[in-house]
Amino acid sequence: MASPEDTPVGRRLRLVKHIIIVCSGKGGVGKSSVSTQLALSLRSSSPTARVGILDVDLTGPSIPRMLGLDGHPVHQSSDGWVPVYADGSEARLACMSVGFLLKRKEDSVVWRGPKKNAMIRQFLSDVRWGELDYLVIDTPPGTSDEHLSLVEHMAPVHSRISAVIVTTPQAVALLDAMKCLSFTRATSIPLLGLIENMSGYVCPCCGEISNVFSTGGGEEMARREGLRFLGSLPVDTELVSLLDATEPDDQEANVMLAEGGSRHSFRLLERYEKTSTAPLFRAIVEKAMTALPALEGRE
Amino acid sequence: MIAIQQAVSTPDPLSVPANAPEHCPGTESEFAGKADACAGCANQETCASGAAREPDPALPFVRERMSTVKRKILVLSGKGGVGKSTFTAQLGWAFAADETLQTGIMDVDICGPSIPTILGIASEQVHASSSGWSPVYVQDNLGVMSVGFMLPSSKDAVMWRGPKKNGLISQFLKDVDWGELDYLVIDTPPGTSDEHLSVVTYLKESGIDGAVVITTPQEVALQDVRREIDFCRKVGIPVIGLVENMSGFVCPNCKNESQIFKPSTGGGRRLAQDTSVDFLGSVPLDPRIGKSADYGVSFLDEYPESPASIAYLDIIDSKSHFPCIEGTRG
């Protein structure tokens, strides 16, 4: 009999050391922004780190926009789909999203479960990720088809999967985060920890901190459930604008496309490291990474 | 390489069974049971016989139940966390403020039901009677149905794939004793997937009066909302208009307004223009809105003087938006 690793997905992800799923239960709490920051921080964690980011939010892909890769096409090679490299020729930050496959950005992907399932399987088995230290997977809200498909298809590499839960502090979001936690427990995916996002907003005018979406709820939940609390992130308008970046004008875009997007993306990382969130996030990543080796020993 | 699965061409939400093979042509297609992918599928025989091409048996019951509902309004957004459920709740409360109107709220966000918490009825349960499931009543003229009422504990996750979600939605529409309703407001999950297709297909005959689309000002959200409007057009739901939520934040200390989510590409107003959709208004971000939702109290009743309440009421009261539907449906 074939070994359990011997499925197309298992073979393709053989050279991926760690797979980190970012999930939240509730929408709009910052999964994609956390995934993007996680990928950027992991990439700069060592000069040779190779990171992949896979966006399985099929009906609302945001990762291309956040990495400034809107409108890039995906190329097919004899060895599968070539991911889009956010850092151009350095090729240490690979990205794949259904957003790259849409002809127009306003096209909606109206798919039921089985088609989403097939797309996810293809993303996992047909993308030429190559050797990766980390594969960050951004998920849609909820605990449904996409999540079940991910877990199912990645069964051969289950021992390398871990998850990060993102929440905002208000009760409505925590409720959904609990559901997400139940999901990781039901599927026995170990949790690296919990991140509380949008915790407080600093008024640019007077410096007063407002708790726009309340505060402390995530930390409280982590304590109650015995989870590692990775840290809280305030609302950072600078970061919002950076990840939301307006499209470069056409001429610049053409140059960028010709150069494989390198110019723009370097700028993204440089500019990201200047935001006030970057150091906070670095601490979060360090904390999350201390949890990784502990997972190494398990089956 | 990417083909868009047309919602209109799949009138049966159970069209693709849970145990279907990957390239299942859909039980209604003329290739059902005959395509290559069907070889070895447990349902092949049923599909090939044509029995699956019959209309969904639930449809007549949905039509029957919905015949006493005057207006059906969808609240959509594409992106999560932009305030769909909050808006749905405010809309419900505002309609219910008129004692002569009967309003229902149906929460089809199966994996993340927030409506029970926002309306302050999270601990309630659904009761079954001879005429069907009774909605949970917030007040005499505001009934609510959500999967949240059916879970043993709020921690429980509903880990369902599409077909099971469709089954529940059809039950919400045919088995719930809604009674005579003036408005049925339907809160949806983010995205454009099973839940949306199911609602649309089940209500096709009874007719959906329109959809209110919610967004926040930043481009990442607008992108998803653009897709949602595209979806509405594909399946033929009239868009009542676009509401921009979380636009601007007034610091409680210095009273200066700042933009948390910057409208880098012109915000909701510009999107409305570009897609020729009515712009209904923008609601500023107010921390008390989230807090009210957490405690399950009506923000409109608690803080009637706040700019956000006024903005909400302006949108809801602008009778030019809601009765225009009335007119078109005669």
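The backbone N, Cα and C atoms fix where each Cβ goes, and this holds for glycine too.
Some features that TrEMBL has for this protein:
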REGION    B:1-23  region 'Disordered'
BINDING   B:CYS24, B:CYS38, B:CYS41, B:CYS47  [4Fe-4S] cluster 1 binding site
BINDING   B:GLY78, B:LYS79, B:GLY80, B:GLY81, B:VAL82, B:GLY83, B:LYS84, B:SER85  ATP binding site
BINDING   B:CYS251, B:CYS254  [4Fe-4S] cluster 2 binding site
TODO: Please report how many Å separate the Cα atom of B:CYS47 ([4Fe-4S] cluster 1 binding site) from that of B:LYS84 (ATP binding site), as a whole number.
DONE: 38
Open item on the list: Given the binding-site residues B:CYS38, B:CYS47, B:LYS79, B:VAL82, B:LYS84, which pass a C-beta cutoff of under 8 Å against chain A? Sequence order please.
Closed with: B:LYS79, B:VAL82
TODO: Using a 10 Å cut-off, grab the number of neighbouring Cβ atoms around the Cβ of B:LYS79 (ATP binding site), all chains included.
DONE: 27
Task: Nearest of the binding-site residues (B:CYS38, B:CYS41, B:CYS251, B:CYS254) to B:GLY78 (ATP binding site) - Cα to Cα - done: B:CYS251
- [ ] Compare the Cα of B:SER85 (ATP binding site) against each of the binding-site residues B:CYS38, B:CYS41, B:CYS251, B:CYS254 and report the nearest.
- [x] B:CYS251
Open item on the list: For the C-alpha pair, I'd like the distance in angstrom between B:CYS41 ([4Fe-4S] cluster 1 binding site) and B:LYS79 (ATP binding site), rounded off.
Closed with: 35
Open item on the list: Spatially, which candidate from the binding-site residues B:CYS38, B:CYS251, B:CYS254 is nearest to B:GLY80 (ATP binding site), comparing Cα atoms?
Closed with: B:CYS251
Task: binding-site residues listed as B:CYS38, B:CYS47, B:VAL82, B:CYS254, least Cβ neighbours within 10 Å - done: B:CYS254
Task: For B:GLY80 (ATP binding site), the number of other Cβ atoms found within 10 Å of its own Cβ - done: 26
TODO: Counting other Cβ atoms within 10 Å, pick out the least crowded of the binding-site residues B:GLY78, B:GLY83, B:CYS251.
DONE: B:CYS251
TODO: Quick one: of the binding-site residues B:CYS38, B:CYS251, B:CYS254, which has its CA closest to the CA of B:VAL82 (ATP binding site)?
DONE: B:CYS251
TODO: Round to a whole number and give the Cα-to-Cα distance in Å for the pair B:GLY83 (ATP binding site) and B:CYS251 ([4Fe-4S] cluster 2 binding site).
DONE: 20
Task: Top Cα neighbour of B:CYS38 ([4Fe-4S] cluster 1 binding site) in the set of binding-site residues B:LYS79, B:GLY81, B:LYS84, B:CYS251, B:CYS254 - done: B:LYS79
- [ ] Count the Cβ atoms, other than its own, that fall within 10 Å of the Cβ of B:GLY81 (ATP binding site), considering every protein chain shown.
- [x] 27
Open item on the list: When DSSP is mapped onto helix/strand/coil, what comes out for B:CYS38 ([4Fe-4S] cluster 1 binding site)?
Closed with: helix
TODO: Work out how many Å separate B:LYS79 (ATP binding site) and B:CYS251 ([4Fe-4S] cluster 2 binding site) at their Cα atoms, rounded off.
DONE: 26
